[in-house]
Protein chains: 10
Amino acid sequence: MAEYMTKQQAAEIVAAERFRRGITWRELAEEIGRPLVWTIAALQGQHPLTDEEAGTIGRLLELDEAVVEALEKQPYRGTLDGGAPSDPTIYRLYEVVSVYGPAIKEAIHEEFGDGIMSAINFELDVARRPHPDGDRVVITLDGKFLDYRW
Amino acid sequence: MAEYMTKQQAAEIVAAERFRRGITWRELAEEIGRPLVWTIAALQGQHPLTDEEAGTIGRLLELDEAVVEALEKQPYRGTLDGGAPSDPTIYRLYEVVSVYGPAIKEAIHEEFGDGIMSAINFELDVARRPHPDGDRVVITLDGKFLDYRW
Amino acid sequence: MAEYMTKQQAAEIVAAERFRRGITWRELAEEIGRPLVWTIAALQGQHPLTDEEAGTIGRLLELDEAVVEALEKQPYRGTLDGGAPSDPTIYRLYEVVSVYGPAIKEAIHEEFGDGIMSAINFELDVARRPHPDGDRVVITLDGKFLDYRW
Amino acid sequence: MAEYMTKQQAAEIVAAERFRRGITWRELAEEIGRPLVWTIAALQGQHPLTDEEAGTIGRLLELDEAVVEALEKQPYRGTLDGGAPSDPTIYRLYEVVSVYGPAIKEAIHEEFGDGIMSAINFELDVARRPHPDGDRVVITLDGKFLDYRW
Amino acid sequence: MAEYMTKQQAAEIVAAERFRRGITWRELAEEIGRPLVWTIAALQGQHPLTDEEAGTIGRLLELDEAVVEALEKQPYRGTLDGGAPSDPTIYRLYEVVSVYGPAIKEAIHEEFGDGIMSAINFELDVARRPHPDGDRVVITLDGKFLDYRW
Amino acid sequence: MAEYMTKQQAAEIVAAERFRRGITWRELAEEIGRPLVWTIAALQGQHPLTDEEAGTIGRLLELDEAVVEALEKQPYRGTLDGGAPSDPTIYRLYEVVSVYGPAIKEAIHEEFGDGIMSAINFELDVARRPHPDGDRVVITLDGKFLDYRW
Amino acid sequence: MAEYMTKQQAAEIVAAERFRRGITWRELAEEIGRPLVWTIAALQGQHPLTDEEAGTIGRLLELDEAVVEALEKQPYRGTLDGGAPSDPTIYRLYEVVSVYGPAIKEAIHEEFGDGIMSAINFELDVARRPHPDGDRVVITLDGKFLDYRW
Amino acid sequence: MAEYMTKQQAAEIVAAERFRRGITWRELAEEIGRPLVWTIAALQGQHPLTDEEAGTIGRLLELDEAVVEALEKQPYRGTLDGGAPSDPTIYRLYEVVSVYGPAIKEAIHEEFGDGIMSAINFELDVARRPHPDGDRVVITLDGKFLDYRW
Amino acid sequence: MAEYMTKQQAAEIVAAERFRRGITWRELAEEIGRPLVWTIAALQGQHPLTDEEAGTIGRLLELDEAVVEALEKQPYRGTLDGGAPSDPTIYRLYEVVSVYGPAIKEAIHEEFGDGIMSAINFELDVARRPHPDGDRVVITLDGKFLDYRW
Amino acid sequence: MAEYMTKQQAAEIVAAERFRRGITWRELAEEIGRPLVWTIAALQGQHPLTDEEAGTIGRLLELDEAVVEALEKQPYRGTLDGGAPSDPTIYRLYEVVSVYGPAIKEAIHEEFGDGIMSAINFELDVARRPHPDGDRVVITLDGKFLDYRW
């Protein structure tokens, strides 16, 4: 039997190799032609990559074959434990934080540096976007960036 | 001593009286000249109303004085228990769901009917919006509306 | 201000009045022309009834107006706390137990008496059902009924 | 003392070797002559395989003897932690999600691709199936498949 | 609408009225012709009584009609929250403690006074008892009674 | 410093070696002259073995010295996390499940095969057994064996 | 049906009436001829009082009959939720805190005023005390009293 | 970089080496001239040892330098998770169980053998001990030793 | 028996009456000659007031006698549930948040309006302050005030 | 692929190497020209170091390159699990304990020795500090140091 690796282990290696080489998430996203947040989430183990995408990432970050293979596997998603709200409409928002929260964090740090989106100097809007396959709910979160400043 | 009431009790009465009269959240928001989601959140006890705003709501919904007073009080915010992510950048997203989740739910139901924003047929984007007081993080959640359909 | 009532309180009253009158859930479902499990779930506060449906139930069970009104309100769904699985595909199964578990329980008791569906003498199947609006996942749980027997 | 392995470790190796070879769960099920979901659950460590079944799987996936042996051991079942409903009738449904949830997930992905069974565009039915050894509860979950689509 | 009562409320009233009148659980069990532990569990809201049994209890304890009715309702069983073991074989033991633990407590107190069954000066045995409808697992717990002694 | 091992690790090795050799728990119990359930519990790390008992088990299963030594150590007992009932009389029952639950599970599987003791087709009795050192509480659980049957 | 009361409700009334009359716990203990901590624990609902003891307390504090009766009932003991240590030897210490912690608190406040026993300026000893009925474990906690001082 | 070790790992090694050599906790305590329970707690990682004390223990148990070093480190104390009582006076008692519970357990086992201090055949006392640096709270727990007896 | 009231109920009434009369916490603190944060904490039920202090507050806010009495009672302190850090040095910081967190919140709102102290634009310092009764740890938290701004 | 390391692993190595060399946190802080608590927190993995700062630390403690690299990575912050207060104003205080609690602990131990800041002999103050970029909330915690004294 050859070696194998979990998606979580692969994600840690990808993050370390990316950091070591000074390659941005955005560059990785562009290399595989995918949106930024989707790419980060996928490389964090929340989405499966295609064989071609995983190969591209593997060549850029000089990953072992076992890491590349792990990127293609079907994920068991989510990062939050316990305390989920039971109402399905609210749960979907919680699921977004669980699946995409770490990716949003990385995207914020890459764009703004070390800090947060304020939830106090903050506003949000819920809108309807018509779509031929069914209208869409568009929720916009808009908060001031606050950098860690001692 | 006169009667008094918690913000949570007041929120339940406001919701019941609003439903009974067939008045929309949007109408209430317009009456007090505030954004829709802010208004719902405030009437759910997540923000304090000014004396004037509370009075307007009280007249529209024929609320007792104790209810009106409760709407003006400083809130103890949040609706989620346990399981909060410890990282501050991710926590702020969780806080948004905790403070505004029920308001988003009401806004979705009022606009679309009974259902959810899909987290599967879904995409999200993180962007920077320049602002003279400090640039802002703008996160857009965009998911298909799915109505409860048996 | 008139009286008001939560959906949970209304659900308890409906259950008590139904039991007292010896009316079955199936009869209530037939009166409003809805499927059995949907009807139980709705009367347990997991779905909103239309004005007409709520009125019919109210007349059959001689409910106060505040109860009838509560049946029509938008629900905050779900009955399980904590321990939700984070993977979205598995979560949807958990959500089904959270939203419909008590209704399934009532349907089993009404049809079979006091007891359970065995999860040991049990099999299940996952199948694809083609559908013009998108194919459907059909999961069939098939377990022996075991009655409480001392 | 020779090496040994837990059922959980064996399950991870089986999943990795299956994925690497591009063998479907259905093919494995057919090779050992067992139903699909039972086979996935058993290879995830939720049921013991017979010596012959484990040997067949071992040959197909070129597993070490310690892995094959682990597949035959008596399992400690279940995947969910905390939050179990206390009512026995509802608990059996929860136990089904705990024991078979990951197997259902794999079966959905193999048949439909990456996505979920909707719990919103969804219906379910509870029926009685007569059986000489005791009538059976048959619960049918029927939800639209939603694929992950960005 | 007449008054109604939950099984939990009814159980508290039964316990209080029984204590006040100095009637033992055993006497109640004999009056309705049921085993002792079953009777206590049922009067604690863990089993439904028949109309006749509930009537007998009602007359003995001079209960209101709403209490008698509650005793006949289908229960939502169980008393323990969280921490349930996931393995089904072990879970059934836990379920026994959850459903019957308070009844065992009352039976111990009635027979021995205030105290516990030791789990230290203790032994247990697992045996098979042949039965035409399927053999039975018989587990015997045998522990020294320890009374509260200051 | 030589190698050492926790009781938990030793228990996993004992279970694996026992399974591999096809030796029953009952045979191990007879070899050391101890009751069946006590023996299983002790080999699961819930009781300390004497030096002689541990040596006997070590020779039968060809265990390393570090494993034998671990079997003799004073245990930190219990297998359940959280959710313990606070009442001492009920807690002792919970402690029995925590300390002996896995041993009961193994005893059931060895005697009956893969399955459970039903908690539905089930009865229990609480009795007093006179004893010169203090009377004993004897609780008998009697439930139908249900085998896993697809 | 006459009124009834839980032991918890009775404990709150006893505490309030005792405070209002300026009667110490020690005086109550002396009136019924019981040790101080036992008495506090019993009046907090952790031990049952005899009919005579409850009557004495009732006369001193001018309690309603329903309160007196509640003091005599068999308690469901314990005040701590979750997080109990699983090892039985350690658990007994935890149980002491759960059952007697509030009584120790009251005894400290009555003797020393508002403050704590330090767990930092602190020592403890474990000793054996021979006893004809079986030797006893004597654990002495000895910590400096620290009063709340702003 | 040389090897290093956590205090928890060091504690496990100390416990194993002590057991293997048949050295008692009391002997270790005497060697370093410290009280028994303090010594056990310190060697379980709950207190830092001085360089001299750690050296003495290291020579007696033939420990590696990395283990000796770990014994001298500043500890992160406590062994209990969750469920802590919020009142500071009661919390200090809980903290005693968290920090010293395992040491008390070892002291009981060394003095009495495998068993527990009963919390049923038990009494406790709270007393004031005058002290020039501030009076002390002395709490005495006195419970019968119960040995594990099958 | 006269009426009585818990400290929690009294705290809610004090907060409501204070708000209704537009009296600040600072004014109340000055009236009783106590520091601001101590006063808020005490009126939230975290410290006992003297008879004189409680009387003064009662006259200012026109409180019933039962409320005044409750303010004088010994408190059961703390507001946080679960998740407490086990290390005593860190726990004391957590205890400060548990006991004084709501008082700090009120003091911030009274001085700055609705908002938070940033934990991002933030610094903290730990210093030693010599004191004849023993040196003191002085921890200074210094964060930018952020007001809720939509 | 070269080796890599998590920030948590790096923090453990830094702590061990610092202790082994007898270098104080304050010396490390001075070497990189940062405040004491910030430096400890950063070396515990709660803040990223710059390339230059990490290099300085690496040379002082003779760290491997993988450790140095890990010190520069963007952290996932926080040390507390569960039980977070939901109100944002109070949560920020909790976040301070979660992010800086272990650093405060180390600073106290380095300055005062092994012990705690008392939360009983304790006072705190909330003040406003004017600042051109926005006024600041300054919270001062002032508690007596208590050393561990047996």
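Placement of Cβ uses the backbone N, Cα and C atoms for every residue, glycine included.
As recorded in TrEMBL:
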| type | residues | note |
| --- | --- | --- |
| DOMAIN | H:79-150 | domain 'Cyanate lyase C-terminal' |
| ACT_SITE | H:Arg92 | active site |
| ACT_SITE | H:Glu95 | active site |
| ACT_SITE | H:Ser118 | active site |
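Feature map: TrEMBL annotations on the structure.
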residue  : record      : Cβ within 10 Å
H:Arg92  : active site : 27
H:Glu95  : active site : 25
H:Ser118 : active site : 22
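Mapped onto DSSP helix, strand and coil, the domain 'Cyanate lyase C-terminal' (H:79-150) counts 25 helix, 28 strand, 19 coil.
The two recorded residues, H:Glu95 (active site) and H:Ser118 (active site), show a Cα separation of 20 Å.
Each of the active-site residues H:Arg92, H:Glu95, H:Ser118 was checked for a CB under 8 angstroms from a CB of chain E; the ones meeting this are H:Ser118. Straight-line distance linking the Cα atoms of H:Arg92 (active site) and H:Ser118 (active site), rounded to a whole number, equals 22 Å. For the domain 'Cyanate lyase C-terminal' (H:79-150), the model's pLDDT averages out at 95. Proximity to chain I, taken as a Cβ less than 8 Å from one of its Cβ atoms, holds for H:Glu95 among the active-site residues H:Arg92, H:Glu95, H:Ser118.
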